[in-house]
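Here is what TrEMBL says about this protein:
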{"type": "DOMAIN", "residues": "513-605", "note": "domain 'DYW'"}
{"type": "REPEAT", "residues": "95-129", "note": "repeat 'PPR'"}
{"type": "REPEAT", "residues": "165-199", "note": "repeat 'PPR'"}
{"type": "REPEAT", "residues": "267-297", "note": "repeat 'PPR'"}
{"type": "REPEAT", "residues": "298-332", "note": "repeat 'PPR'"}
Amino acid sequence: MAGTSVLQQTNFFSPPAYPPQFSELNLRLKEQQCLSLLKRCKNLEDFKQAHAQIVKWGFFWNSFSASNLVAACALSDWGSLDYACSIFQQFHDPGTFEFNTMIRAHVKDMNFQDALVFYYEMLERGVEPDNFTYPALFKACAWLKAKEEGMQIHGHVFKFGFESDLYVQNSLINMYGKCGEIQHSCAVFEQMDEKSVASWSAIIAANASLGMWYECLMVFGNMSSEGCWRPEESTLVTLLSACTHLGALDLGKCTHGALLRNISELNVIVQTSLIDMYVKCGYLEKGLSLFKKMTKRNQMSYTVMISGLAMQGHGEEALGIYSMMLEEGLDPDDVVYVGVLSSCSHAGLVDEGFNCFDRMKSEHGIEPTAQHYGCMVDLMGKAGMINEALEFINSMPIKPNDVVWRSLLSACRVHCNLEIGEIAAKHLFESNSQNAGDYVILSNMYARAEKWVEVAKIRTEMARKGFNQVPGFSLVEVGRRIHKFVSQDTSHPRCGSVYEMIHQMEWQLKFEGYSPDTSQVLLDVDEEEKRQRLKGHSQKLAIAFALIHTSKGTPIRIARNLRMCSDCHTYTKLISIIYEREITVRDRNQFHHFKNGTCSCRDYW
């Protein structure tokens with residue numbers, strides 16, 4: 001038998017013939033000793049010794065001992081899934097616990113397909129699942145994005161009568177959310193007779209996984225209104241992400257307070273999330289303050305701070321944080337350099353941008369990706385170096401992707417270079433771009449040049465491909481609630497008073513010399529129609545609403561999904577003087593701080 005595994009010595013699996021003096025009590029004590037030895041295992045070698053003892057004394061035939069044996073090997077941090085599988089294969093009649101153990105072990109080891117295979121084997125053998133079977137299975141389906149399999153297993157939940165089990169319902173919410181079926185997540189959540197903190201966390205996470213940030217805040221509001229739930233740390237971090245994306249500073253501050261009340265010490269990840277929220281909500285001073293107070297920083301902390309400064313147009317300060325990172329002995333990675341190059345782009349630091357691009361390759365051995373090349377094209381494009389940007393693209397050692405050509409197209413739009421814009425658009429269309437915005441930009445460039453036939457061709461092509469233009473919208477936070485306005489909006493409950501306020505604002509703007517820039521309305525309509533359309537831009541509606549519903553001197557913060565037009569930029573500068581308000585607008589990836597008639601971007605955006 002030399003060299004043969006104890007698992008293959010099948011004679012050990014039947015109870016040995018014990019001496020007459022060996023009582024049942026002695027056997028029970030010996031079994032307890034073996035199980036105690038099993039619990040004390042710290043590594044696989046310890047486990048193998050405990051395994052040998054269990055086999056030696058014939059306890060393997062005892063289902064309790066065998067179950068503990070496979071669970072210890074399969075689920076412990078030091079365990080071996082292969083070894084656990086070899087033990088499982090020796091079971092003549094594995095039960096529900098053993099199958100659940102193997103399913104959980106495969107999910108833990110990220111072998112999600114095998115977890116489902118074990119479930120199907122379980123059913124084929126006639127072993128009935130229990131409520132502990134399904135949470136791990138739904139986790140496997142979530143990771144695999146296996147919606148069809150998940151729905152089939154959901155049917156089994158009803159068949160076996162576990163549809164009202166709290167843990168099963170929570171895992172269903174999570175699974176459907178990860179598979180993009182938020183309506184099913186909501187249906188399960190709404191049908192629950194009893195909810196736990198984990199239930200609320202699951203439905204909030206399901207909305208977050210699909211970028212439904214406004215819905216995240218609505219659900220959390222409902223959770224808070226019930227008054228009997230203490231949110232988990234993960235839920236609060238998700239809420240921070242929601243506030244970050246929506247620009248909801250006041251709600252973000254409330255979430256920060258909840259974190260401080262519920263958690264004794266914030267870890268690096270949570271602190272970094274807080275910094276990200278503050279800088280992306282336009283409160284740079286607070287973000288910098290938190291960054292400087294951190295006792296331990298990692299690459300992500302520096303990346304967030306550098307990117308935040310970049311968005312605010314503080315390129316030189318961003319480079320200072322980058323230098324601090326190097327002094328601290330942290331090596332920058334490709335993500336850090338995206339932030340560094342973006343900061344140079346936003347601030348117009350062309351020479352510094354090229355220096356950083358060269359250092360990335362020569363000093364840190366980082367091969368530039370398409371994203372880095374896109375940053376360089378954006379850097380040159382913002383500076384009006386359109387021809388140089390095209391030459392740079394043509395000299396790239398890798399094939400330019402959509403990001404690179406889109407950066408060039410955006411620069412052409414800003415600097416009205418239709419010739420090179422057509423080149424960039426052609427490359428995007430040849431790559432089968434599914435981004436409707438590419439077509440919209442070229443269409444708008446043709447419209448500005450009054451080439452209406454070309455505009456019609458682009459719009460027809462968009463319709464043929466089923467592309468829809470994303471409507472521009474602006475979000476404004478008033479009274480800890482997010483209000484959304486789309487261009488020409490008449491759906492808001494207060495739209496009447498908003499348009500009345502717009503009329504008052506425009507009356508006062510005339511005294512400041514404001515004249516609507518109708519060239520921004522890229523439609524073949526008369527001047528009066530263009531002026532009316534400019535009046536209804538979403539940013540202006542959001543400002544009017546905030547002026548009505550906030551007290552004098554209160555800062556106004558707005559987040560937009562599309563780039564601000566030059567008319568809205570001029571309009572907002574003048575409004576900041578007339579109403580003596582600080583107005584912060586997050587224009588996708590850049591901030592504009594309007595105060596006393598000037599903007600922090602210095603009209604460079």
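From the backbone N, Cα and C atoms, a Cβ is placed for every residue, glycine too.
Just so it is clear, the model here is predicted, and its values are computed rather than measured.
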Worksheet, complete the sentence: Residues in the repeat 'PPR' (165-199) per DSSP class, helix first, strand next, coil last, are 25 helix, 0 strand, 10 coil
Worksheet item: Which sequence positions outside the repeat 'PPR' (267-297), separated from its termini by at least 6 residues, show Cβ-Cβ distances below 8 Å to it?
Response: 233, 237, 240-241, 243-245, 247-249, 252, 255-256, 259, 304-305, 307-309, 311-312, 314, 328, 330, 557, 584, 586, 591, 593
Item to complete: Please spell out the DSSP helix, strand and coil residue counts for the repeat 'PPR' (267-297).
Response: 23 helix, 0 strand, 8 coil
Discussion item. Quick test of the contact rule: Cβ under 8 Å, at least six residues beyond the ends. What residues does that give for the repeat 'PPR' (95-129)?
Written reply: 63, 66-67, 70-71, 74-75, 79, 81, 84-85, 88, 136-137, 139-141, 143-144, 146, 149, 153, 156, 160
Worksheet entry | Residues of the parent chain within Cβ reach of the repeat 'PPR' (298-332), under 8 Å, 6 or more residues beyond its termini | 268-269, 271-272, 275-276, 279-280, 282, 284, 287-288, 291, 338-340, 342-349, 352, 356, 360, 364, 366, 586, 589-591, 593, 600-602, 604
